[in-house]
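Copied from TrEMBL, the annotated features are:
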{"type": "TRANSMEM", "residues": "37-57", "note": "transmembrane segment"}
{"type": "TRANSMEM", "residues": "62-84", "note": "transmembrane segment"}
{"type": "TRANSMEM", "residues": "90-119", "note": "transmembrane segment"}
{"type": "TRANSMEM", "residues": "126-150", "note": "transmembrane segment"}
{"type": "TRANSMEM", "residues": "156-178", "note": "transmembrane segment"}
Amino acid sequence: MLLLLLLLQLLLLQQLLILLLLLLLLLLILPLLLRLLLLLLLLLLLLLLLLLLLLLLLVLLLLLLILMLLLMLLLLLLLLLLLLQQLLLLLLLLLMLLLLLLLLQLLLLLLLIIIIIIIRRRIITIILLLLPLLLLLLLLLMLLLLLLLLQQLILLLQQLVLLLLLVVLVLLLHCYCYY
């Protein structure tokens, strides 16, 4: 009986020793495990911060491209308005030129009538002096209008070239945003 008791105590002591060894081992490994876990968490946090920074940079770049595209579109709209204004001015000059041509034809007709009347009445000097001056003035006005028309055509061509350049630039920017 005593021997059995002693044997039980030895077994108990052995179990306690094993338990103590396991606890000691756990106390030794646990700080290392905690450090590894903390290091992994820090690495994950750094990776997440880098991803967020990259995403923010991409969003800022996209916003910048959208702003540039809007600016180009506004510039294009402004150029279209200028082009419309030039076209209206060109139409106005054409209308004035047509009116001057009509006036010149009327004047020539009047001159013809007056010459026919004057040949019969002999009051030729004053009117024949005035009519060529008036004709000359009308011709000068027509020349001036033609020059203005030419200048407007040149401005219109310049604006068309600028408009084409802006359209190409907007298309290139759109392709860049798309890809």
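Backbone N, Cα and C define each Cβ position, glycine as well.
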| message | I'm a bit unsure how to read this: which one of 37-57, 62-84, 126-150 has the highest number of Cβ pairs shorter than 8 Å with the transmembrane segment (90-119)? | response | 126-150
| note | The answer for the transmembrane segment (156-178), taking Cβ pairs under 8 Å and residues 6+ beyond its ends, is 62, 65-66, 68-69, 72-73, 75-76, 79-80, 82-83, 86-87, 90
